[in-house]
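Structure below; questions to follow.
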Amino acid sequence: MANRFAVILAAGQGTRMKSKLHKMLHPVAGRPMVQHVVDQLQQVNLNKIVTIVGFGAEKVKAQLGSSSEFAFQKEQLGTGHAVLQAEDLLKDEKGVTVVACGDTPLIRAETFEELIQYHKKTGAKASILTTKVENPTGYGRVVRNDQDEVERIVEHKDANEGERLIQEINTGTYCFDNQALFAALKEVSNDNAQGEYYLPDVIKILRHQGDTVSAFMTPDFDETIGINDRIALAEAEKIMKKRINEQHMRNGVSIIDPEQTYIEPDVQIESDVILHPGTVLKGETIIRTGAEIGPHSELKDCEVGEDTVIRHSVATSSKVGNRVNIGPYAHIRPESRVGNDTKVGNFVEIKKTNLGDHSKVSHLSYIGDADVGERVNVGCGTITVNYDGTNKYLTTIEDDAFIGCNSNLIAPVTVGKGSYVAAGSTITKNVPENALSIARARQTNKEEYASKFKK
């Protein structure tokens, strides 16, 4: 197989985004758009990827890391000039080079592969990825001759009235013979309305030399859209969301309302999971079979076990076991482990806590920096007081303990196995196994005293 290379154009300023964040780093489905392009290209067995950077170069390089080499475009003088910056890294290589834009995150690896194969099949020096659109305003037009061969690409601003009627457009993605590409780039001029060096002019140069130029048309216009402003960003987000959701549904996941369900690309969901409207699944979340998520729940970097139900709740960087019932309005904060057959009820916050199997924290409690054993019942209003203003401390509640309502456990403290904490207690010392601990003032009743306040 011939050597394969890629050049990704990511040097532009992206002023229409009106953002402090570099355009290429704006996320689509939770992942920077340029990262999507790199990820898809990596699937077509490339020998090298070169990303052209300019504005925000260091941030783009930090995002892509070792997945790409980089060339710097000091002045933004057009797409042809941008590709030319990769000359030192690629000029001596033999093979094919894919040129793609960093703001086209929806192009699939399969389409890149089809373009390369079509390029090889036609024996072309250059192949263009094209598509048809009803309103081609703003796009470069693909001009063909009477034999239906590609003659040139003309940018919208440079197109005459007849050329502007053409509906076949240049998507900005190409496949070139590598050495032919860099030879032709040196002949490109900036004699055009923008005063820039256009990459599409390479097509005209190669045709004048008698070289074959082919065009591979994708029927999916949505796949080719470039993102230049927030409107296009939202459209790309919508398309990517639909693509991801439909793939999960084909794999046996029930999504009640796909338009109201957001799933990022790295999320794994097993079959027979039900996702209700308002579900947001981010990062490397894993949902096991039979689980039911939502409505209105957000999980990030979590693992959720089989047959677990989570409603109206938020969980981050935590592991939830099998047959767990969470919510409504629970918050599972990072580094928590919720065991099997447990309950985390309404208005409960758990942080950096291990909650053992068959234990319950049913309502209105904060359990932070705690190790809770099995079969523990934590009553309503229980607080683990874990912070003294400087340091965090551990609360340990051993197996089969019972914590009464409205109790404060002042860490560091241990509640022993099988022990009881009476409702309303503030516990400052360890509670022995099987003991009853009461730490509250004795009740005093003053007869008829209330009548004094009514006078």
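Keep in mind that glycine also has a Cβ here, set from the backbone N, Cα and C atoms.
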Do you know which of A330, A401, A423 Swiss-Prot groups with N386, Y387, R440 in the acetyl-CoA site?
A423
In the same chain, who gets a Cβ under 8 Å from the region 'Linker' (231-251) while lying at least 6 residues past its ends?
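Same-chain contacts beyond the flanks: 17, 26, 28-29, 33, 105-106, 222, 225, 258, 261-265, 269, 271.
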For each of N228, N386, count the other CB atoms within 10 A of its CB; which of these binding-site residues has the top count?
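Buried the deepest by this measure is N386.
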If you count CB neighbours within 10 Å, which one among the recorded positions H363, R440 has the smallest count?
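Looking at the recorded positions H363, R440, the Cβ with the fewest others within 10 Å is that of R440.
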Taking only the Cα atoms, work out how far D103 (Mg(2+) binding site) lies from Y387 (acetyl-CoA binding site), in Å, as a whole number.
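Rounded to a whole number, the Cα-Cα distance is 46 Å.
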D103, Y387, A423: which of these binding-site residues has the highest Cβ count within 10 Å of its own Cβ?
D103
Using the alpha carbons only, what distance in Å do you get between A423 (acetyl-CoA binding site) and H363 (active site, proton acceptor) once rounded?
14
